[in-house]
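What follows is one structure encoded as structure tokens, with my remarks underneath.
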Amino acid sequence: MQRAGSSGARGECDISGTGRLRLEQAARLGGRAVHTSPTGGLGARQVAGMSAKERPKGKVIKDSVTLLPCFYFVELPILASSVVSLYFLELTDVFKPVHSGFSCYDRSLSMPYIEPTQEAIPFLMLLSLAFAGPAITIMVGEGILYCCLSKRRNGAGLEPNINAGGCNFNSFLRRAVRFVGVHVVGLCSTALITDIIQLATGYQAPYFLTVCKPMYTSLEGSCKENSYIVEEICSGSDLTVINNGKKSFPSQHATLAAFAAVYVSMYFNSTLTDSSKLLKPLLVFTFIICGIICGLTRITQYKNHPVDVYCGFLIGGGIALYLGLYAVGNFLPSEDSMLQHRDALRSLTDLNQDPSRVLSAKNGSSGDGIAHTEGILNRNHRDASSLTNLKRANADVEIITPRSPMGKESMVTFSNTLPRANTPSVEDPVRRNASIHASMDSARSKQLLTQWKSKNESRKMSLQVMDSEPEGQSPPRSIEMRSSSEPSRVGVNGDHHVPGNQYLKIQPGTVPGCNNSMPAGPRVSIQSRPGSSQLVHIPEETQENISTSPKSSSARAKWLKAAEKTVACNRGNNQPRIMQVIAMSKQQGVLQSSPKNAEGSTVTCTGSIRYKTLTDHEPSGIVRVEAHPENNRPIIQIPSSTEGEGSGSWKWKAPEKSSLRQTYELNDLNRDSESCESLKDSFGSGDRKRKHIDSNEHHHHGITTIRVTPVEGSEIGSETLSVSSSRDSTLRRKGNIILIPERSNSPENTRNIFYKGTSPTRPYKD
């Protein structure tokens, strides 16, 4: 079959039935339903090529049943009735304005009358300009827009064609008719509204008395007696001019000019792009200024009062604004308006499923970041899962994972200030530290530390050393207490990011010689800043979930018993609580009793290295202690100073041969060191009850963590150090109390870490 086409196929509507719709349908069907044109035909290849050329333009055709009926039976009758009504109101005297009174010899109504032919903008010129000017501008703009959009690939941006009654209406025809039609109807409506208001008010124009020529002699009384005249006393010959003189409010010129200017300005703002920065403002200002001039000429030529013109501007602009927004949809394509409405009403689930709104992560940087994050989660599954157990809104806890595998069973007990970690550990050996930050009230922390410091100073803690061995002392070391304005952050690889801040240096005492010299001293890092939260490090010595097996229960009971036994060291020494914890955790010898105090309770701690207590500085923030007992078991004991060294400095005493080097760093927990084996004391049950009550209290304070890291070890001579002090001099720290008893290295060992903090308002007990 021969394919055919004609000029009728390219027209908007073809009476012979060879319209574009059928041609495009035939092209979509592969050229099967093709008709013959009466004017001749084209070859099959030519028609196939033409249809393929038109197909990429993608002109979607929609069938409409209500388009033509609405246009013929609704819109055209409204427009026709408006025009007819406007004709009778403007050009005939069928409808006359109401009669309103005036004052005798009113100078505001006695202005000269200017003939219509001498007006700057006559009424017919106004109608032609108000109708033709915007209409022509809109049609030209729509033609240019249609040509530009039709050249795009697949006709993007064009409205779909409408097939109604066998006629195909493209976007240019539809938009031009819609915009121009609304403009014409709007002008007619504005003129009708203005005429109705003028007829209803009957307000006189400034030239009314000039054309009326009132006969004051026909009045029953003089103008002095009747200053306000309501009778009809005009003697002018031209009734049309007299009636027009009674229709001043609002100004017809002002309303029509304002409507045309605002309507076409809205069209320019919505249609023109921003490629030309000055074209749109130029066109908008041109039409606005023209409308303003049309209204002001009515004032200068005494046709209307100023208030009439101003009210006319408001009425015309309001009508144009309403029609532009609601009748033509702000001159936007109908499909775009529908899409915008659907986007606004689309649910969040639809937006999440929309592939156009999903960010692609296929580039290198984002892919690396995602892979890195997934690797972190896989390597430290325990830390990620433990975050789900944080119930506090501002909880941001830093968890330091151990660097070496710990015992078979572990048990971590926290106070009510921090959540429990009840998740198993799936940790890669490469994984070092995971950081989570816990915010605290810095003001409250400073208050507690100040109270602790004042209490500590009031007791005038004195350090007494029972063993006097002056030989083999090593050079003094310094303890640096750092007060930071920003909390320290521990990265994934264990690196610390700490900004520079101020230092508080404390000169310690000397270290007696032992098998190894100890040139390096402890480093206490305390970070705080007024008005900022403190960083709390919570070490986790566990790699397994906290089990409720009988073995764990028995282990916990044993460590609770060991904790009660440590009252001897705590009551026998006038030392800070933190140093008592270190001494208890590092002890390995059996305590020997000797009558030292009035109560008969004695404490003897056996070890290879002797230490003096820490200074009075409040241990707020972060505390780290690192010791490295690779082969031997050093014991940390804090004796009291008897040689006038109660200044609160560190002194390290060890056996004569100086070969051991140990470093104590704050903020890491004891990794490989051995634990205290046994403690002997003679304290009564009353003290144990008090200790038990203290251990059951819940406190709201930060937690100080200690990590003892071995560096190098050698032979350490074991010596005995006896420490005693008054029972009333026991210091109850206002800060954080940490009890860390450690068991031996046996496979069945169990470590219990008890974190205790005193209540913020709890007083110190003697």
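Numbering starts at 1 and runs along the chain as displayed.
Cβ coordinates come from backbone N, Cα and C, glycine included.
Here Swiss-Prot flags S37, S347, S386, S439, S462, S474, S608 as phosphoserine. Marked as transmembrane segment by Swiss-Prot: 68-88, 120-140, 179-199, 248-268, 277-297, 309-329. Feature annotation from Swiss-Prot assigns N-linked glycosylation site to N269, N363, N433, N456, N515, N545; the stated evidence is sequence analysis. Residues or ranges marked as region 'Disordered' in Swiss-Prot: 454-503, 510-529, 634-654, 672-705, 741-766. Positions annotated as compositional bias 'Basic residues' by Swiss-Prot: 688-702. Swiss-Prot lists 743-752 with the feature compositional bias 'Polar residues'.
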Request  = Would you mind reading off the Cα separation of N269 (N-linked glycosylation site) from N456 (N-linked glycosylation site), to the nearest angstrom?
outcome  = 77
Remark   = Sequence-distant residues near the transmembrane segment (179-199) by C-beta distance (under 8 Å, 6 or more away from its ends) are 75, 78-79, 82-83, 85-86, 89-90, 95-98, 127, 130-131, 134-135, 138-139, 142, 246-252, 255-256, 259-260, 263-264, 267, 312, 315-316, 319-320, 323, 327-328, 331
The one of N269, N456 whose CB sees the fewest other CB atoms within 10 Å, among these glycosylation sites = N269
Task = For the transmembrane segment (120-140), find every same-chain residue at least 6 residues outside the stretch whose CB is under 8 Å from a CB in it, and list them.
result = 90, 176, 179-180, 183-184, 187, 252-253, 256-257, 259-260, 263-264, 267, 287, 290, 294, 297, 300-301
Ask   = According to DSSP, which kind of secondary structure is N456 (N-linked glycosylation site) found in, if we only use helix, strand and coil?
value = helix
